[in-house]
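The feature domain 'ABC transmembrane type-1' is assigned by TrEMBL to B:92-406. As annotated by TrEMBL, transmembrane segment applies to B:26-45, B:96-118, B:130-152, B:205-223, B:244-267, B:287-309, B:358-376, B:388-409.
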Amino acid sequence: MSDTAFDTTPVIAPSALKVSDEVAIEISNMNKWYGSFHVLRDIDLTVHRGERIVIAGPSGSGKSTMIRCINRLEEHQSGKIIVDGTELTSDLKNIDKIRSEVGMCFQHFNLFPHLTILENCTLAPIWVRKTPKKEAVETAMHFLEKVKIPDQANKYPGQLSGGQQQRVAIARSLCMKPRIMLFDEPTSALDPEMIKEVLDTMIELAQEGMTMICVTHEMGFARQVANRVIFMDQGQIVEQNEPEEFFNNPRSERTKLFLSQILGH
Amino acid sequence: MTTFTDPPAESFKLSMLVYDTRYRSITFQILALVAVLLLFGWLTMNTAQNLNDLGKEPSFGFLGESAGYDINQRLIDYSSQSTHLRAAFVGLLNTLLVAAMGCATATVIGVIVGVLRLSGNWLVARLMTVYVEIFRNVPVLMWIVLCMAILIEAMPAPSAFRGDNPDATMKLFDTIAITNRGVYIPEPLFSRSLGNLHIGTAFDISINLLAILFVLGVSLWIARDITRRANAKQEATGLRPRTWHTRLAVIVLPTAILLAFLGFHLGYPELKGFNFAGGTYMRNSLIALWLALSLYTAAFIAEIVRAGILAISTGQTEAAAALGLRGNRIMSLVVLPQAMRVIIPPLISQYLNLTKNSSLAIAVGYMDITGTLMGITLNQTGRELETVLLGMLVYLTISLIISGVMNWYNNRVKLVER
Amino acid sequence: MADTHAETVLFVRDTMLPQKEPPLSTVGPLGWARGNLFSGWLNSIITIVAFLFVVNLIAHLLPWFISGTWNANSLTDCRDMMAAAGREQGGACWGVIRERWPQLMFGFYPSELYWRPVLVLVLLFVALAPILFADRTPTKMLGFTMLFPFIGAWLLWGGTIWNPITALLGFVIGYFVFTFLSRVVNAGISLFLAAIAAFVWWSVLSGYVVSGLSAIAPLAIHSVQSREFGGFLLSITIGVTAIMFSLPIGILLALGRRSDLPLVKALCVGFIEFIRGVPLITLLFVASTLLNIFLPPGTNFDIILRVMIMTTLFASAYMAEVVRGGLAALGKGQYEGADSLGLDYWQAQRLIVMPQALKISIPGIVSTFIGVFKDTTLVSIISMFDPLGLANAIRADANWNGIYWELFIFIGAVFFIFCFSMSRYSMYLERKLQTGHR
């Protein structure tokens, strides 16, 4: 773990971050099967606007599958998912609406290798949001500056380091001006020295009040930024709590075991 | 005098030729060169001796002599009085004709089959797999001969079309006649001719054709301009105007008007006596070759297309979907531009293979360059050396041009990559 | 709601939820059909159309296939049989296969000697076993694999046993010259000299030795002329020879193409690009008409041998490109590693580079093999009687004039079995090597 990465970052007081009453995502009684394997079991989760949720758990516990259901990269078979008041069904219009509201960052960045950094960032605004190119470029440059790589705008993804690529991926999502961001293990494919730069970007995002759901093993990040930590195992939510309580006083045996393994060394 | 002096020169030893890295490579290359020269010298000496014994001086003079044989499938004027050179040229054009037709249909079939093989529909995907495996694993020559056999044996003779209640009828509203002698399709005719353009004394090109090509070219250029303007408008306002109808109109209308002006009409094949007359006559051999080469090569192209699409990771599609792009846009903006780089180089080498395989025309009697120059001309003049070498040279030139195009494409794509 | 959710946020699950059965609509044959055949109305229509097509095809083909005309002796005979059985729509005349299959298999090979090619085919599989299934067969069998070409050629063409033995002796001599010299001079030169020694043995000495030994001990079997070869025997003989020799030649060409010596490189590039630039049929024309012109007056060697040489050269050029691809995929570090261990060029190639490069190129190598085997049919164009040449001859026969489906289905099926099993084997090998690698 790279808890040391936070030595220089100022700790944000959780109270400084507002969580509103407005519900951003509501998942109720959701189930999913791969073939006959029950991956997600009776998931119930309500996310309010401005919340920063970290989901932890052993691999194969269904964390990624769950957040991939939120923008329907995976299809759930029963239960309800409501994002920003729109229910996720097989209706294409709803899917389109939700996907353009929800940004996502992947473990392997998934930048488009045949497009420059700038083109990666302007592609969706131009073709989905119908933004004029000039405006799209301005927005893109704004967010690239925010993730601190405006000078790489005309390079191709293959020429950037992993950390830079992930920051571009974040900027690419932000260009769609999403109200919710999903992070699927954004740092687990990165070298230790690059993890910090990506986490810093995510912290900054949190400070601005973005609703975030992160699947990550970065416990330092969870302590510092999250207002809720959710522990998943065997496709179900086993425990959720405030970060301090979660780490200092885990209640369930599974959580204790997991934390001792992940923080034990 | 400088104070620097060369180190005392080592005394040269013979063994240094082999063991000293400075001389070693030169020694080996000289040995290789000598060996190759000896081999070539030996072959040339043998050839000269043999030709001398046979009383054949190597010469290409026979190309200017009258060929004395007929070619029934041809794109330019030719008669049995024409020279062997012209016969070879007719053959070359026939090679290029069947290669172009084959590449076009093979691409269409191959792309469709390749995409369908990836379809979520299990039955369709399986059917396509069966098609690909059957055609890939059986020799192309067998497909050619089989197609020819089907056309000859299973199609009705022209006489079957005769009478009030004929055994066979023409297809597609009486416009196409498929007989065991070949296929007759409507031919384009003009009631007004703009005359012919003479190139030297050898070739005539119809000005009608040139005019149509010119107008079509201009239309295409304008259509491209419309697309460019649509792009500009999208850049400025974000909204992309619908252009396909204007583009279609721009491409179709001027050519249609020109065709009407030239008095374009179709000449339909008609049964006259014992055979069909009128229309364009495509011989069985051409159809069989075209069909077999297309179906065979399409199986390979299908695999290339499939591999190309599979080479793009699902992550790319997912990222595009997560950004809110729809299926067809994901395909055109993200998957295809990447897949094309993987697909096009092997695709071009399939085109090359198809062109080379078209030399199997000789098995069904289609008069391509192999059938004319290396077939009848060889037999009539007995010039094995000259005809075969010339034929190889022609194929080699075609191959080099195609691989030149491929290298150019690869370099261009590579530049964009880095 | 408050800024923090201390009271509401805590959730601990007391008992874990058990696995539940998925909804019936997503599993079982029904769920499978819904997912793979009827997902959406367009897919359903396509499925139905495809299904009707398959049913229609089978409904037409099956009766045609089982026509019960196995004993017919000619096409008219066959038609009479079908008319007698009241089959209006016609059917297949498999009589042609019953009557001609020995010919399609062996050509004009003397029928009392059929056991020889059959034995060779069996021995071929025995010889291939240590290569194909290296981990399940004893390594000693490789010795038999080395001997197989000589035994096989002797059994096929017959003649005195001293021919293959002296041919083999040439390799033995070459091998001893090489091992002896390589202690003194470098490997490349000793290989060259060994080749010269073997060549001298074959071209000058072996003739006398054979005639001498045959006079002393006339051990010979009935000899068969090349023109009696035909059918799949011919295809397989040419194909296997070309496949066997093209791999080593292709490897040498690929190494030459990557060589630092500009002249060697130029020669290899020229050769490869020339061969790949012309159709095989033109090379076969060279074999049938020109090769005799290139060789010393009076040389007239066997047409099969000439075709084999040309096919081998053709296959080698393609093989060279495949191997070159494998070499290019190998990192520079492998070469540097080999150099740093003090291996010389040939050792590095043999021990480090080739095993890896060839493993990478397996799919390409096998598809070249399949291509070569399919391309053997081209010999029918220069009037040799491979299966396609024989098919033409049979169709020209008065008894079977007008038959084609049955013949081509038979020939196509045999080719399909060979080629398809080769490609499946390469997939199996690829998988095996991949898992063995990690």
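Placed from the backbone N, Cα and C atoms, the Cβ positions cover glycine too.
Please treat TrEMBL annotations as automatic predictions, because they have not gone through curation.
As a quick check, the transmembrane segment (B:358-376) and the transmembrane segment (B:205-223) miss the bar of 3 or more Cβ pairs under 8 A, pairs 6 or more apart, so the two do not touch. Across B:96-118, B:205-223, B:244-267, B:287-309, B:388-409, the stretch most heavily in contact with the transmembrane segment (B:130-152), judged by Cβ pairs under 8 Å, is B:287-309. Long-range contacts of the transmembrane segment (B:96-118) within its own chain (CB-CB distance under 8 A, at least 6 residues past either end) are made by residues 75, 124-125, 128-129, 131-132, 286, 289-290, 293-306, 309-310, 347, 350-351, 354-355, 358, 361, 366, 368.
Of the Cβ pairs linking the transmembrane segment (B:244-267) with the transmembrane segment (B:287-309) and spaced 6 or more residues apart, fewer than 3 are under 8 Å, so the two regions do not touch.
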